[in-house]
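Shown next, in structure tokens, is the structure this report addresses.
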């Protein structure tokens with residue numbers, strides 16, 4: 001594997017004209033123009049969606065030396081470079097806007113932004129809020145990332161969720177540090193370095209295994225420190241200035257060294273400078289040791305080890321002269337000098353890609369060697385040219401990559417709710433009624449209870465316990481995502497949306513309880529099924545009560561037809577379920593058309609219900625036909641579930657190996673195989689006759705050998721391939737429907753496309 005495919009070295013004479021002191025070679029991605037285009041696109045998109053003026057004054061990745069993305073991702077091909085640079089700048093913009101708010105406003109915006117990515121969060125998610133606009137913007141770029149590399153894109157989001165502690169833009173108190181190591185432990189999370197490397201992996205299309213990470217761990221330790229502390233070093237003057245002028249927090253390794261070693265600012269900066277040089281030398285020594293100990297080290301690991309060093313050097317070089325870190329000097333109006341009492345550096349080498357300024361340039365006295373070197377942009381006019389004519393504005397106290405990852409972590413941590421394992425809201429206790437009943441019960445003597453003729457409600461603890469349990473289970477949140485995505489077109493007010501979510505969740509969770517009982521299923525989403533904890537009778541009673549609650553919610557809608565809509569779709573749901581149970585009990589395999597009709601009523605009924613309720617509650621007058629889309633999505637969702645149950649390791653973990661076979665379920669792959677292979681009918685009949693059908697007898701799993709044989713038959717007969725091709729046809733039809741509706745409404749819907757892409761069975 002060639003190490004340097006997408007980058008070129010920076011000339012020594014260019015490096016010497018900057019205050020950069022990195023000892024490592026500096027390279028830049030050959031496609032700096034792609035990175036610049038991505039930055040400008042991020043600015044345009046931000047301005048289009050948010051209209052807050054931030055894009056006009058922001059200083060982000062563009063500089064005369066090159067784009068931050070081109071230095072941070074030197075070995076990333078153009079298509080992926082555009083994605084990661086865009087995300088980096090999007091994060092910087094979000095962080096700037098967030099930091100500019102007062103604390104109360106910032107916290108409100110942060111909560112609402114988080115609510116938009118959590119399908120079961122009950123905070124309002126109004127379309128007009130800043131968070132809602134950001135959600136749509138982020139959904140689009142995440143969709144593009146998944147389309148480029150679905151597996152790596154999803155891995156990146158998963159790692160964000162598992163390895164990143166989101167920074168809430170200044171919320172919380174920064175601890176006092178007793179050592180730089182203690183500070184580093186804090187900053188690894190605050191900075192986002194754990195999430196940055198998955199971003200690099202996505203960019204380089206290089207998935208590191210656990211064994212790979214263990215092998216390169218000695219190298220990554222100094223690299224992590226160098227990236228974080230390099231940013232701290234070059235941003236310290238600006239952050240110090242802002243802490244003096246507006247009281248912003250100062251979280252910086254220079255400040256930590258100054259405090260714990262009782263040094264002056266100049267002494268602390270000199271100490272950090274030496275620490276950075278030492279870290280780079282430590283990286284080189286450990287790199288040589290790894291190569292010596294592993295002469296046959298895989299080529300992809302050798303490339304990774306080389307690239308991370310270049311990333312340190314490149315971001316160091318960029319930060320040494322970037323307008324983001326240095327332009328504040330010329331925008332200051334209070335006369336404060338930089339913390340090191342040195343004038344802003346100026347770079348006199350004209351850029352090949354941007355117009356150079358003929359304005360005045362300042363000279364910098366280098367504190368280390370006494371030489372005078374012209375370095376970085378010195379006046380507002382130059383900065384305007386170097387940043388695509390962006391005017392100066394307030395900057396945050398963080399790092400460009402920390403800022404990028406702050407947004408991405410908040411997005412991916414909550415976007416994961418699109419995909420794997422976010423938990424349902426717990427059903428809310430009706431505390432006032434329950435407390436009243438308890439006090440009423442306890443306040444009576446035994447004799448007065450026997451003589452009392454007044455009626456009162458007992459406590460709801462027993463009734464609610466199974467409900468709380470099923471609602472606590474993790475969920476993919478597909479239906480909640482669809483409600484939010486449909487609302488881009490239907491524009492239902494938040495009050496009605498909250499009721500619709502509540503009603504749909506009640507029905508869905510009630511159906512899960514009953515399905516598990518009817519299917520004799522011992523597990524649900526990797527946990528014991530509700531009836532195995534609370535018993536069949538109590539579980540059924542609570543599920544029935546959830547239907548009562550759903551009717552109560554339906555009566556609260558403005559549209560008087562809501563209850564009728566609910567009852568009609570409940571009838572369809574029960575009709576569909578009746579045939580699913582009938583086929584199983586009588587061991588009669590349906591035809592493919594019969595099966596699809598069952599799906600349209602059972603699975604599609606819930607999708608159709610949420611759509612009809614939204615249409616009934618919408619305020620707009622423009623008619624939007626979404627009926628066909630819900631039918632297609634219901635079929636796609638159910639058939640995909642059938643397919644994955646027999647093919648996916650995740651389903652094995654959560655439900656057991658091929659649990660549909662244990663249940664005796666005539667799922668879509670079984671139905672198709674029976675329709676096309678007569679001999680399979682006898683085989684599957686014989687298999688299913690081995691399982692009990694009486695609800696009291698419980699389910700006895702089929703022998704693993706039998707299930708493996710059935711799966712192998714489905715595979716060799718081409719049934720799985722047929723199912724996958726049918727799912728891809730459904731995907732294409734859904735995409736065509738989305739295209740049609742987007743044209744009719746003139747409203748793009750990246751959230752719905754992102755949801756479909758996540759569920760896709762297409763190969764990457």
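Yeah, the Cβs are placed from backbone N, Cα and C, and that goes for glycine too.
What you are looking at is a predicted structure, and each value in this text was computed from that prediction instead of being measured.
For reference, Swiss-Prot has these:
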BINDING   95  Mg(2+) 1 binding site
BINDING   95, 187, 188, 189, 190, 231, 235, 236, 237, 238, 239, 324, 325  substrate binding site
BINDING   95  Mg(2+) 2 binding site
BINDING   476, 479, 508, 525  isopentenyl diphosphate binding site
BINDING   515, 519  Mg(2+) 4 binding site
BINDING   515, 519  Mg(2+) 3 binding site
BINDING   524, 602, 603, 638, 645, 655, 665  dimethylallyl diphosphate binding site
COMPBIAS  348-358  compositional bias 'Polar residues'
REGION    2-331  region 'Terpene cyclase'
REGION    347-372  region 'Disordered'
MOTIF     95-99  motif 'DDXXD 1'
MOTIF     515-519  motif 'DDXXD 2'
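In terms of DSSP secondary structure, the motif 'DDXXD 2' (515-519) contains 4 helix, 0 strand, 1 coil. Under the DSSP three-state reduction, residue 525 (isopentenyl diphosphate binding site) is assigned to coil, being neither helix nor strand.
Burial estimate for the binding-site residues (188, 325, 525): highest at 325, by number of other CB atoms within 10 Å. With the fewest other Cβ atoms inside 10 Å of its Cβ, the least crowded of the binding-site residues 239, 515 in this structure is 515. If you compare every pair of Cα atoms in 476, 479, 508, 525, the residues listed for isopentenyl diphosphate, the longest distance is 16 angstrom.
Cα distances from residue 525 (isopentenyl diphosphate binding site) to the binding-site residues 95, 235, 515 are smallest for 515. Take the binding-site residues 476, 602: by the count of other Cβ atoms within 10 Å of each Cβ, the lowest one is 476.
In this structure, 519 is the one among the binding-site residues 95, 237, 519 with the smallest number of other Cβ atoms inside 10 Å of its Cβ.
DSSP classifies residue 665 (dimethylallyl diphosphate binding site) as coil under the three-state reduction.
When Cα-Cα distances from residue 95 (Mg(2+) 1 binding site) are compared across the binding-site residues 188, 237, 325, 515, 602, the shortest belongs to 325. According to its DSSP assignment, residue 476 (isopentenyl diphosphate binding site) is coil.
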